[in-house]
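Engineer: Quick one: the structure is below, and I'll ask about it shortly.
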Amino acid sequence: MRRLHRNLSLLFLICILNEYRIESQTLSPPITDRFKCLTNGCCDHHEWCRFWASIGECNANKDWMTENCQLACGTCTAPAAPLLPVTTTASSFNGGGFVQTTTQSSGPTTTITIPPSSLTSVTSCERVKDSIAQASELMSISRLINPVEDNFGRNMLSIDDITRSVPTGCVPQLSDVGVDCRKSLCYHLMYRTLDGTCNNLEKPMQGAAFRRFNRHFPAQYDDGKGEPISSLNQSRPSAREANRVMLSSAQSVVHDKFNNMMMQWGQFMSHDMSKTTLQPSANCKTCDPVPSKCMPIPIGEKDPNLGFKSKQCLKVSRSAPICRVEPREQLNENTAYIDGSMIYGSSLKDLHKFRDGRTGFLRVTRFNNQNVLPFDQSKCANKDKCTASFTAGDIRANLFIGLSSLHIMFAREHNRIAQKLTELNPTWSGDRVFQEARKIVGAQIQNVLYKEYLPKLLGVSFDKVIGPYKGYDTNVDATIANEFTTSAFRFGHGMIEEFYKRVDLSGNNITHGGFFFGDGVFKSGKILFEGGVDPIIRGFMTTAVKRPHRMTPAITEKMFGSTDLGSLNIQRGRDHGIPSYNKMRQFCGLKSANTFDDFADMILDRNLRAGLARNYNTTNDVDFYVGSMLEDPVIGGLVGTTLSCAIGEQFKRARDGDRFYFENPGIFTRSQMEEIKKSSLSRIICDNADNFELVSQDAFLLPGSNLTPCSKIPKMDLSKWRAL
């Protein structure tokens, strides 16, 4: 019976192999001897070992499988042995067919002396898991590193899957079916998955992409199920009126120390952590609400914007709800972790769009003597007729050329690191190079975020709301809070300026000049034909950042010619059922305000409190976005107490609940961790700009007269990644 079971399994797999073809070529015959071997001599002797293991053959045919499928069944007990020169074949099922790549290993050609170490090699990744704080060293000396994840039998989603689902009225969540972190333990101990699964080995779906946001409070809907706040019961002013009266202002107050990179890095980070699925805006053609799909913002008689008045409303599509979930919840398409999702995407099914085949590099395009993100050159014949969009891990890379510039910088940084790793380790596979470079880039982003950006944003609140790192906590869930992504971290829209300058090497305006904000939206041609990313980055670093407490007319009156970003933020909060400002004050340990003057502890300006009283019925009606933006900033920071609380709480969980946070022992070797601590945004700019010679040591500070040569900015020593 067992032999029959195995034969039926074999027949089933042969049927699959016959059905799926790649580029009109059938797959090569299975390898049946030493298909995959570790350096300790343990092998899977058949190409289908993992398939048989996935359907229970390790138990059903224990004797045969124990001997012949040692890796798939986890039955290897062999002692350490020399590296075997074997042919390895990696196969995976990606939903559209089997993808197979074969590489030939010629074995070691030189004798390498391993330096003395207190660690001794182990024979399995389960043993490494028992010494997790030394995982990186153990995996290396035991030669257990596997840069390819086994996804066979696991459900995966892609951006295309979500896009195809939206017209049905709802979107699916990523299922936990087939998610077994033990199956690819040697991969999971060293590298992140693209979709964030198995970061927490015991709770593998925490922080994963294509899952619902968390909440600090239950969703606040008019009907308790999904109707937006103030849609059935007119309890609040329209989002447009609230923004126009309370937040929109042509007055710009700038910071005396921080530069515009604070604004741009914040947007870059927000796209790393979350992306909400929206209903198609084409569904919203009138000023009448469409159930579950459209929630237009009416324009009042007193509104001075004649363009808005002529259209009578601002058309707003709702976020797509998750299927079969009530009350209504929204989907996060990105992972919750600081992992470079905006660079690499959040699904293995999408990676081919960004990665250069099976090499260690990201795809780039050489255009006008600069390496940029891939784009369709047929749509960019000249600067006056350029409608091309860059391809990146997050489609929003094209929203603003400042954001595009950071995307380009980090794609170049990945490839710079990948090139160096290839030179240091010529025997590494493309998969190994790619995963190591991706891991390093993610760690650099974390270092810049927690050591450079957040202390400036949060000022004296940083130590209280985030504090020093005390290690990975398996009980901390990094999943993004709806209150954070929908309201709190949209504070950065208040930092957007009317005009941005572009600066040359000498500190002068470039020939093409600066640009108004609206002229930098979806304008890739300005990068491709007007000097590249350098002048944009220099302009950001030499211009004081606008304090975020008011919103410039560039985004409240002129955004894309027909909408108001501030009103959109308020409306999105109501769409998602975000609790009121008063409720979030309580979450942050402040007293509940019974009168509008009770807000005086955080909103010192009595005129602002009076404005709230004129526009809102009660203190419990004030939108979180509006109230928090009006708060006076904390000492040394850019945001007020409630925002610093909501933002800090999320970033603390994103750090402490991330097994791959770079300071967590075992993720990198000790020497590698010390190198990552040397990284900085200034160094990344110096290494990847087309022509940068002088830079502020801290990329977020105005340079004054203290510019530093790039040669004196500390840099990582990538030789610490040379394999033994």
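Backbone N, Cα and C atoms are what each Cβ position is placed from, and that goes for glycine too.
Sharing the record's features from Swiss-Prot:
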- 1-24: signal peptide (SIGNAL)
- N7: N-linked glycosylation site (CARBOHYD)
- 42-76: domain 'ShKT' (DOMAIN)
- N233: N-linked glycosylation site (CARBOHYD)
- H271: active site, proton acceptor (ACT_SITE)
- D272, T335, Y337, D339, S341: Ca(2+) binding site (BINDING)
- R396: site 'Transition state stabilizer' (SITE)
- H493: heme b binding site (BINDING)
- N509: N-linked glycosylation site (CARBOHYD)
- N617: N-linked glycosylation site (CARBOHYD)
Engineer: What three-state secondary structure does DSSP assign to N509 (N-linked glycosylation site)?
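Structural biologist: DSSP assigns N509 (N-linked glycosylation site) to strand.
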Engineer: Would you mind checking how many other C-beta atoms are within 10 angstroms of the C-beta on H271 (active site, proton acceptor)?
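Structural biologist: By my count, 23.
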Engineer: Determine which residues of the same chain, besides D272, T335, Y337, D339, S341, have their CB within 8 A of the center of the CB atoms at the recorded Ca(2+) site, and list them by sequence.
Structural biologist: G196, A209, M273, N334, A336, I338, G340, M342, S346, G442
Engineer: Compare the C-alpha of R396 (site 'Transition state stabilizer') with the C-alpha of each of the binding-site residues T335, D339, S341, and give the closest one.
Structural biologist: S341
Engineer: List the Cα distance (Å, whole number) between the residue listed as 'active site, proton acceptor' and T335 (Ca(2+) binding site).
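Structural biologist: The residue listed as 'active site, proton acceptor' to T335 (Ca(2+) binding site), Cα-Cα distance: 10 Å.
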Engineer: Output, ordered by sequence, the same-chain residues six or more apart from Y337 (Ca(2+) binding site) with a CB under 8 Å from its CB, or 'none'.
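Structural biologist: Set apart from Y337 (Ca(2+) binding site) by at least 6 residues yet with Cβ under 8 Å, we have R192, G196, N199, G207, M273, A478, A654, D658, F660.
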Engineer: Comparing the recorded positions N233, T335, which residue's C-beta has the most other C-beta atoms within 10 angstroms in this structure?
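Structural biologist: Selected residue: T335.
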Engineer: As a test of the contact definition, list every same-chain residue at least 6 positions from S341 (Ca(2+) binding site) whose Cβ is closer than 8 Å to its Cβ.
Structural biologist: A209, H271, D272, M273, N334, T335, G393, D394
Engineer: I'd like to confirm something. Which of the recorded positions, N233, H493, N509, N617, has a Cα closest to the Cα of D339 (Ca(2+) binding site)?
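Structural biologist: Its closest listed neighbour, by Cα, is H493.
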Engineer: Counting distance between Cα atoms, which of the recorded positions N233, H493, N509 is nearest N617 (N-linked glycosylation site)?
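Structural biologist: Sorting the recorded positions by distance from N617 (N-linked glycosylation site), the top entry is N233.
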